[in-house]
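What TrEMBL annotates here:
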type     : residues  : note
TRANSMEM : A:6-29    : transmembrane segment
TRANSMEM : A:41-58   : transmembrane segment
TRANSMEM : A:64-83   : transmembrane segment
TRANSMEM : A:95-115  : transmembrane segment
TRANSMEM : A:135-159 : transmembrane segment
TRANSMEM : A:188-208 : transmembrane segment
TRANSMEM : A:228-249 : transmembrane segment
Amino acid sequence: MIWVDTIVQGVLLGGLYALFAAGLSLVFGVMRLVNLAHGDLIVLGAFLILVIVSALGLNPFLAALVALPVMFCLGWGLQFVVLNRTLGDDILPPLLVTFGLSIVIQNALLEGFSADSRRISVGGLEAASVSLGPIAVGVMPLLTFLSAVAVIIALNALFYRTALGRAFRATSDDPVTAGLMGVDPKRLFATATGIAMIVVTIAALYLGTRSNFDPTIGPARLIYAFEAVIIGGLGSFWGTLAGGVIIGVAQTMGAAINPEWQILSGHVAFLLVLLFRPRGLFPRAND
Amino acid sequence: MQPVLDISAVNKRFGALTVADAVTFSLAPGEALGIIGPNGAGKSTLFNLITGNLQVDGGRIVFDGTDVTNAPPMQRCLMGIGRTFQIPQPFVKLTVFENLLVAGTFGSRKLEAEVAARCGDILIQTGLIGRANVPAGQLSLLERKRLELARALATNPKVLLLDEIAGGLTEGECAALVGTIRDIHASGISIIWIEHVLHALNSVVERLLVLDFGKVIGMGRPNDIMASKAVREIYLGLDV
């Protein structure tokens, strides 16, 4: 029974990693941009929610709702003003610029909020649990996982059922030809990053409410996000969720054997997938 | 009558290589103009200059009375310049119908629901309706060429630029495609067509323009052009 419990906890933890990864997956899928500041943007989102909670006294979920449009605009502007200039045949400029951005965000947060560890309180919800058959699961982990599933469903619907999504896919295929069809790639990319920042905000809400955070933890979240995206196969949203779940389960299983093995076993699972399925579990046919 | 497209003294150089040398011509509304010339004469480059994928070094491009010399490709598409590529460049992961939807929606700034029916009509017109829900990456060469045409039509162009659309097709396929292009021309869309398959070209166009080393070396009725000595020497490489 203990193993069933371990696996369920791992799956729910995987939801958090999938949320970290979904925004990264979206941006990479649309414009082949690897955003090394992704983890720091999640931390930035968590601080923004924290500020809204303490300034307005709002419930963290409402605060996240307030933060959504702010983060969308931030992402839109960041892409339109900065990152669009880095896109081209050379893959190095976007890596360097987002790496620099990562350092800037970390240091700005350190300056503004100090290195103290913070947490966003959700009242009694942290300790609340529901029983699913024989096992009890926390309400927050369950909400995290359900949010991750909802985000993946929403992104899939956006990509495959809307005009905007078709333009995303067309531009990802061939931005020059898409331009000849009347698509403005620069604005489209800005919108994609804006949407990615909405996902980042949702990830930030759960990051901030479920564990302590400080300005320096972004890069570690980026690693988990990367691993989830690559395990799942580039460009597949459901694959990203599966990737998150695999890392989550590996971590809780490792921790059940020896608490020191939690982080290590997540990385080992990633290495094993790379070894046997280097293109990930659900690669898209043409990538 | 005001020309729908007016190219005057357009120049373009790639380093020491001149690919457009004072190119000047205009296209009347509803006209079909053919462009011929040896490989490397600057034919596709001329299309890239007209669509805005390349910037001219000098000269003016006026479309429908508006100077578009410095307009970005997206804006020229919205104004009504559609093109097909010599090597078909479909959005391979989208279905055939989705390819048209993107072009229709963004090429005319309308909602998908408003353009869907028209996209369906274009699929019927171009003979692709049976392949509407197939990913474009799975199409044959002929179907890809048809998709190039269909997708350009979906942007609702006033002028259609066709780049060697008949190249690589069998006789039968070519004849069917020419039939489709005739229909499009008959519907009032102006056409500029670059082609090496001369009998296909000459069965549609009213005028031929000959390009060599970026220079216009002849322009006129297809029969006169094909008979002219300069064209036979330079383009066909015949010693006459």
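Cβ from N, Cα, C; glycine included.
Between the transmembrane segment (A:228-249) and the listed ranges A:95-115, A:135-159, A:188-208, the one holding the most Cβ pairs under 8 Å is A:135-159. Under 8 Å from some Cβ of the transmembrane segment (A:64-83) lie the Cβ atoms of residues 33, 35, 41, 45, 48-49, 52, 56, 58, 94, 97-98, 101, 186-187, 189-198, 200-202, 204-205, all in the same chain and six or more residues away from its ends. Below 8 A, the CB atoms of the transmembrane segment (A:135-159) and the transmembrane segment (A:188-208) form 3+ pairs separated by six or more positions in the chain.
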